[in-house]
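A.B. asks: The structure under discussion is supplied below as structure tokens; questions concerning it will follow.
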Amino acid sequence: MTERITEVAVGATRTEGGTRTRSYRIGGASALPGMGDAGSRPLVALEICDDPALWPAVVLEEVGDLAGDLAGWARAAEEWWNADLVRLVLTSTRRRGFDDPAAAGRAVEEVLAATGLPLVVEGSADPALDTEVFRRCGEAGEGERLLLGTAEAERYRSVAAAALAYGHAVVAQTPIDINLAKQLNILLRETGVSHDRIVIDPYTGALGYGFEYSYSVMERVRTAALAGDADLAMPMISAAQDSLTVKEVREAPDEERAGTAVEWEFYAAFAAAVAGAGIVCVRHPRTVGVLKEAVADLWEGAGWP
Amino acid sequence: LVDARPLDVPVSPSVRKYALTLAPPTLDDPSADLARLLEGVEHSGGPAATKIYAPLEMLRKIPVVLRHGRWRCTATVALVPGGYRLINVEEGETRARLYGAAVDLGTTTVVAYLWDLAGGRVLSTASNYNRQISCGEDILSRVNYAKKNGTGHLQELAAVSINTALTAAADAAGIDLEDIYEVTVAGNTVMTHLLLGIDPAYMIAEPYVPVVRRTFTTTAQRLGLAVAPTAGVFTFPAVSNFIGGDIVADILTSGMADQDEVSLLIDIGTNFEAVLGGRDWMLACAGAAGPALEGGEVLFGMRANPGAIERVRIDEATLEPAFETINRVPPVGICGSGLIDLLAGLIRACVIDRTGQIDTGIDHPRIRMGRHFPEYVVAWEEESGAGKDIVITGHDIRNLIMSKAAVLAACITLMDAAGIGHDDLANVFFSGAFGNYIEKENAVTIGLIPEVPLERVKNLGNGAITGANQALVSRERRKALDRIARTVTYIELNADPGFMDRYTQSCFLPHTDLALFPTVQRMLEECRLRKRWGQWQA
Amino acid sequence: MAMKALEVYKLLPKTNCKECGFPTCLAFAMKLAAGGVEPERCPYLDEETKALLGGATRPPVRAVTVGVGARSFTVGEEIVMFRHEKTFYHRPGIMVCAADTSPVAEIRRTAEEVRDFVVHRVGQDLTLDGIALRCESGDPDRFAAAAMAVGECGDLPRLLIAADPAAHEAALRVCGQFLPLIHAATTENHAEMAALAKRYGCPLVVRAETQVKLADLAAQCTAAGAPAVLLDPAPRTMGDFVARASHLREHAVTRAAPDLGYPLYLDTVPLGTDAALAAGILRYAGVIAVPPLPHPSLLAALTLRQNIYTDPQKPIQVAPGIYPVNNPGRDAPVLLSVNFSLTYFTLLGYLEAAKVPCYLFVVDTAGLSVLTAVAGGKLDEEVVKKAIEATDLAGTVGHRTIVIPGFAAPLSGRIEEATGWTVRVGPRDAAEIGEFLETETEG
Ligand code: B12
Ligand code: SF4
């Protein structure tokens, strides 16, 4: 295992041309966690959204009226729940008939103003909207080194264009398939997005609903990269988006629902970190603390005395 | 289809005629007619009398022929598994009238070559449709037909199809069908089973088991072939349910089984077969490529008929295409070789990315949004014979890429199994109609076949008929067949967990692992840099 | 480095005699190279070739069985670092701790809860694997009493945790016949612990902070007659365990010296439970001791174990047939899908979330996913027609409409023709099924 994973800059402080209170360089591993130098410690991102109608009920119960107050939610992510990053999911763009890209740009500005944390943005998923939505998001975050998502094999040109124009990195997502992941990275490279601007999202199925396929793809991507495949030597991001709508959480007894939600996210996100993910994203605020603690413990593992 | 390679094999047919002048029996030498005849054969250089089996029909014929011909006759003796067989005896001297036929029993068409076995030369050829089409377009539907209605009708149709070709060839050569004493038939496993009237049903269900794989010899009479009733009909051996006698014939024709180096042989149709190996070992596999490579499932795709665009070049700067159609008439569609040229041209001109998606960001009249998919206009309505623009759509390109991916993934599966790299391939043989017309450099550019120096890519033409010819005219070549069929190890792609990975990796132009196509990769890099340099200047 | 097929082939007789059950020597060579068969199957190999082909050598990690009877479980017998390289064979045994200082009734209740705990998930029963008795009193008799309290729990596998061999001896006298796992032999007490393990025939955990000590202890205890050994690398933190366990597995898989080819032991109690339990499941623990866990943690941990220990190469199938969801009436919509378990359970999850009564009509595609089955010709109008007849779908619902997967759209026309049912094309991704069914039923 000789090669090293490319480092990707996320977030820009004042001195780096942005307004973040901290910035990170994810990646840099030359081994899998527990097997050598696993690079920078995985970051825990808390996901918030600009239209809570489609957000899991168990999270809305927890955050209460913050759900309607994007700035407040973002600030709480930093001050109450101590997340490393905020991931802003623009669920408004997923509504049928959405046609207000400017609103997407404003949401990005609002969150950037509310918190000092570096920002991951999950934009629209509709070719008709993408160009405008990603341009607006890219523009609103210019200089902040956002992590802009999501590029997919069928629609990567708009995200790539916005990232190139405004100096952001790109989240490249493929459906649980190491070969498709490599292909998308080649496509992005051939449209001008350099290796140090790509973060691989191998798509994470929820625990018990295909998670093991995602876990193995992450291990395969990392071992292939460490064995010399430069088109896979990028940091990875993992977000098991369906974790909180699975049956086990929905049908948990009231007093256990929040606990089950946290555990369902924790086991998947921690396993993703063990498989090499550089950023793990969760939606339930109480998962952030236990996850950061576990990741810190994992990273300080010294091996034999 | 009819294009067989010239035979560079010594002519030593398995059936021979011996002109005899026998001493009539006397009281001192009252040996039986048969013994007398067979010893006559032995003394004129034929096999030992004791080794020649004479069927009952011959015994009934011998006494009259010998006496009526006043003890001057011609015996026809065939080499058959396990010895020799007397298959005819005629009055007088008829050595010149010794003919044989080689048949390619294809799923869609039947091809026949008529040979003068005495003179060792081709007299005529003929080809016609396989009448079994009335019972089903492809193998699967015919096997299902046999399940419902038994094999009788299909067996007849196979015999009728062969007879039609033999009759046409015989008429053209002005010879009598009765003087054809041997027929060699190369056909896939299902076709061979149906010709022999054997039920093929168990071959298409797990564990995919054929009834017979070895060479099989029977008489023409039993199969209803309109040649000499006692003539031998020799069917090619198969390797498995999907690697049949036609592929064994391809292997024979290619000569790969006689070489130490490793060669790759590919036969592309809606289904494809691939064989890798040499003298010591051979691996084979088969799969479904889908019809796209032959124009199926492609909006303007068509078979190689008049008006089909068969050659295309795209100017990388102007993106303007230059094409040639079959018979040089206005274009009405695009055939397989044209589609491959188009794919190679579009990727070189950076109109499509490596997954085949058309870059609709390019501002060019030929690149536009069609009804459902983006498309590239190959021929404008005014210049086309179809009364509308001839285009290739993003969907067409996706289907083409998935078809070529299945073929390339199969080749890589064999090469990985044997630990063989693309530099180790001494030859890449193309067999089947499709392989003949495609442009080799473009086949490598899109990653239909592994990257090898172009001089190593060779066309076998119709390998099946050439193999059948060789087996007809040369005893040694025929003997090699069973050894070939036995040496080939069949790999069932669906049972190979790694296939899906290789398939997905091959769904990319030319392939996801750029190191497998070094020269194509360099070429595409140059195209991209030229393109970016061009845009930078514009 | 595993030998390539052609290298193996060179060592075979090349007579293609088929006695090994393969059509040709090369076919046998390829299966040997892929590690799917033992070289002994070919009767014509000399001993030297057989050894060269890795015949009948023990797996890199030895197998160890804990407990007796139906509830006993086997760990170890593993051959790879990552599940995607082949598979993980034996899932870790999770054993719940009870201290001997707790009241006997409480110990018995914990044991009964562990024995009776079960979760039904994806057609499998997820259960806990045993009870771990921790000697905190320092009094052998108190420890034996605790072992006695568990007695009524039949053959529930037991783990005895005590530093003092005398405590083990007392407890073993009471429950030795259940072949409990005993923890732990150390450089100080390995002689007595090995003797106890030998006398009762039970598996023994050796504990040390370095590989060399672990290897020595394992060798000494085995030589002294301990029938089976597990390694406890004595981690101070979960991170230490992951690093040490990963090294031990790599050491075993590469058959490096000294011999460390034994299953691993992890006690999560001192390390902070949830992360350590997850880490143990992911990185190579064979037996994991845990405190009594809240139900949400148990559910998530057992699900992770189920996921990681499924064989990546075998698509699991569910039985074809009509599955009612959210108790549908005769007019509820019928949704067609395939019997690949990942598809079935993903779709079922979304349907239950959508709370729309419907029938999930599963046809037999030999376990292939929708796209694969369509592409491979295993899902077509014939298969659907036969399935409708075989399951008497027409008798189950009053209407004649069937919703097919978005990825099967190309088949819609042919299915209508062949079955006479009206076909609606649903969304490609099951996540949108709720919205689709709502608009459909209104429309
Ligand atoms: C693993 C795999 C295989 C495995 C099989 C595993 C299996 N159990 O299916 C193997 C190796 C056998 C295989 C073989 C082939 N495969 Co394959 N395979 C895949 C792969 C990688 C994953 C499939 C999977 O597990 N999907 C996950 C399940 C959950 O998806 P699903 O069943 O479709 O269910 C979802 C939806 O359909 C929907 N849904 C399901 N039911 C219903 C019902 C209703 C009413 C609704 C509304 C929705 C709905 O919900 C589910 C979740 O969203 C895919 C590529 C990919 N990454 O998807 C290729 C893929 C499906 N295979 C493909 C092909 C072409 C083949 C082959 C034909 C290759 C060849 N030429 O030989 C063969 C065919 C097999 C045969 N017997 O002939 C292509 C299909 C392309 C196409 N458009 O047709 C794919 C997409 C790969 C590619 N890169 O192109 N394959
Ligand atoms: S038993 Fe041995 S010699 Fe016979 S086919 Fe198998 S590998 Fe070859």
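The backbone N, Cα and C atoms fix where each Cβ goes, glycine too.
TrEMBL feature annotations, pasted as is:
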- C:C17, C:C20, C:C25, C:C42: [4Fe-4S] cluster binding site (BINDING)
- C:T343, C:G367, C:L368, C:S369, C:V370, C:A430: 5-methoxybenzimidazolylcob(I)amide binding site (BINDING)
- C:1-59: domain '4Fe-4S' (DOMAIN)
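Just tell me what is around each of these and how deep it sits.
C.D. replies: Within 10 Å of the C-beta of C:C25 ([4Fe-4S] cluster binding site) we count 23 further C-beta atoms, all protein chains included.
Counting Cβ atoms from all protein chains shown, C:T343 (5-methoxybenzimidazolylcob(I)amide binding site) has 25 others lying within 10 Å of its own Cβ.
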A.B. asks: Mean pLDDT over the domain '4Fe-4S' (C:1-59): what is the value?
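C.D. replies: Summing pLDDT over the domain '4Fe-4S' (C:1-59) and dividing by its length gives 82.
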A.B. asks: Any idea what the Cα distance is from C:A430 (5-methoxybenzimidazolylcob(I)amide binding site) over to C:C17 ([4Fe-4S] cluster binding site), rounded to a whole Å?
C.D. replies: 51
A.B. asks: Mind running the binding-site residues C:C17, C:C20, C:C25, C:C42, C:L368 against ligand 1 and keeping the ones whose CB falls under 6 Å of it?
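C.D. replies: Listed by sequence, the hits are C:L368.
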A.B. asks: Compute the mean position of the Cβ atoms of C:C17, C:C20, C:C25, C:C42, which form the recorded [4Fe-4S] cluster site, and then list in sequence order the other residues of that chain whose Cβ is within 8 Å of it.
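C.D. replies: Near the [4Fe-4S] cluster site, beyond C:C17, C:C20, C:C25, C:C42, sit C:L12, C:P13, C:T15, C:N16, C:K18, C:E19, C:F22, C:F28, C:R41, C:P43, C:Y44.
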A.B. asks: According to DSSP, does C:V370 (5-methoxybenzimidazolylcob(I)amide binding site) sit in a helix, a strand, or coil?
C.D. replies: helix
A.B. asks: Among the binding-site residues C:C20, C:C42, which residue has its Cβ surrounded by the fewest other Cβ atoms within 10 Å?
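C.D. replies: Each of the binding-site residues C:C20, C:C42 was scored by Cβ atoms within 10 Å; lowest is C:C20.
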A.B. asks: Could you state the whole-number distance in Å separating the C-alpha atoms of C:T343 (5-methoxybenzimidazolylcob(I)amide binding site) and C:C17 ([4Fe-4S] cluster binding site)?
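C.D. replies: Checking the Cα atoms of C:T343 (5-methoxybenzimidazolylcob(I)amide binding site) and C:C17 ([4Fe-4S] cluster binding site) gives a distance of 43 Å.
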A.B. asks: What is the total of other Cβ atoms whose distance to the Cβ of C:C17 ([4Fe-4S] cluster binding site) is within 10 Å?
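C.D. replies: There are 12 of them.
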A.B. asks: For a quick check of understanding: given the listed 5-methoxybenzimidazolylcob(I)amide-binding residues C:T343, C:G367, C:L368, C:S369, C:V370, C:A430, what is the maximum Cα-Cα distance in angstrom, as an integer?
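C.D. replies: That value is 18 Å for the farthest Cα pair.
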A.B. asks: As a check: which entries in C:C20, C:C25, C:C42, C:T343, C:G367, C:L368, the binding-site residues, place their Cβ less than 6 Å from an atom of ligand 2?
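C.D. replies: Those binding-site residues that pass the cut-off, since their Cβ is under 6 Å from ligand 2, are C:C20, C:C25, C:C42.
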A.B. asks: Mind checking how the domain '4Fe-4S' (C:1-59) divides into helix, strand and coil residues in DSSP?
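C.D. replies: Within the domain '4Fe-4S' (C:1-59) the tally stands at 24 helix, 0 strand, 35 coil.
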A.B. asks: Do me a favour and check the Cα-Cα span between C:G367 (5-methoxybenzimidazolylcob(I)amide binding site) and C:C17 ([4Fe-4S] cluster binding site); whole Å is fine.
C.D. replies: 34
A.B. asks: Measure from the CA atom of C:S369 (5-methoxybenzimidazolylcob(I)amide binding site) to the CA atom of C:C20 ([4Fe-4S] cluster binding site) and give the result in Å, rounded to a whole number.
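C.D. replies: If we compare the Cα positions of C:C20 ([4Fe-4S] cluster binding site) and C:S369 (5-methoxybenzimidazolylcob(I)amide binding site), the gap is 34 Å.
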